[in-house]
Amino acid sequence: MRAVYLGSMPVFVAVLALSVGHPTNAQQATVTSPPPEIADKVQLCASCHGADGKPVVEKVPIIFGQHMFYLLTELKDYRAGRRANEIMAPIAAQLSDDEMKALATYFAAQPWPNYSEVSSPEDNARAQSLAVEGQCTQCHLGGMLGDSRNPRLNHQKVDYLTQTMTDFRGGVRKNAAAMAAIVKDWSDADIAAMSHYLAGL
C-alpha cells in the first residue's frame with residue numbers, strides 16, 4: 001500500500017493490485033494509459049472502480065466506457081453537493097474543471113468491461129413491464145445504452161443499480177428528479193428485478 005495525495009488528502013491505493021498499466025489480457029490492446037497530468041488521479045479512481053474497468057468495491061459503478069458528459073456532470077454534482085457520497089464528494093471537491101473534463105474524457109474512451117449477470121425470465125418480464133410504464137428508453141434509449149446526458153445501464157453492476165435506484169426512491173440521491181419520480185412507488189422486488197435485467201442485457 002502507498003498513499004496517493006489528492007490535494008492534502010491521502011488516499012491509500014494497493015499499487016500492485018491496481019496499477020493502471022496492467023489491464024486484463026482481454027483488454028490488453030484497448031485499455032490505454034492515462035495522460036501524465038491525471039495519472040495519479042486515475043490510479044486513485046482504480047482503487048474502487050478497478051484498473052481494468054471492473055469495480056473492486058461493492059456498490060461502485062462501472063465507469064469505463066460510460067458517456068463523457070454524464071461522467072463530467074456527476075463529478076460536478078458531487079463537488080457541488082447535488083449528489084452525496086462520503087468517498088466521492090471529498091475527492092471531487094479537490095478537482096478543477098479541467099481535471100474533471102480530462103478524467104471524464106479518459107474513462108469514456110476506455111472499453112466497457114466484460115461484465116454480465118444472469119437474470120431470470122420472471123425478472124425480465126417484470127423489468128420490461130416497469131420499463132414500458134416508466135418510459136425508460138425515452139432517456140436511456142434502446143438497449144439501455146444511454147447517450148451523452150443519460151448513463152448506459154446495459155451490463156452495469158447489479159449492486160450499484162440496486163443501490164442507486166433505492167437512493168432515488170428514498171430521496172438520498174437528488175440530482176435527477178425524473179428518476180426519483182419513476183421509482184418512487186417501486187417495491188424492493190421491482191428494483192431487484194430491474195437491476196438484474198439491466199445487468200444481464
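Quick reminder: no glycine exception, Cβ is built from N, Cα and C everywhere.
According to TrEMBL, the signal peptide annotation covers 1-28.
Helix first, then strand, then coil: DSSP counts for the domain 'Cytochrome c' (30-111) stand at 45 helix, 0 strand, 37 coil. Per TrEMBL, domain 'Cytochrome c' is recorded for 30-111 (among others).
The Cβ neighbour count for His49 (heme c 1 binding site), using a 10 Å radius over every protein chain in view, is 22. Positions annotated as heme c 1 binding site by TrEMBL: Cys45, Cys48, His49, Met88.
Looking just at the domain 'Cytochrome c' (122-201), the mean pLDDT is 97. Annotation comment: TrEMBL describes 122-201 (among others) as domain 'Cytochrome c'.
The Cβ neighbour count for Cys136 (heme c 2 binding site), using a 10 Å radius and every protein chain shown, is 20. The DSSP secondary structure for Cys136 (heme c 2 binding site) is coil. According to TrEMBL, the heme c 2 binding site annotation covers Cys136, Cys139, His140, Met179.
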Requested in this report: Please list residues from the chain of Cys139 (heme c 2 binding site) whose Cβ is under 8 angstroms from its Cβ, counting only those at least six apart in sequence.
Outcome: Gly146, Asp147, Asn150, Ala178
Report summary line: Around the Cβ of Met179 (heme c 2 binding site), other Cβ atoms found within 10 Å total 19
Query raised in the report: Given Cys136 (heme c 2 binding site) and Cys45 (heme c 1 binding site), what distance in Å do their CA atoms have, once rounded to a whole number?
Result: 29
Requested in this report: May I ask you to report the DSSP-based helix, strand or coil state of Met179 (heme c 2 binding site)?
Outcome: helix
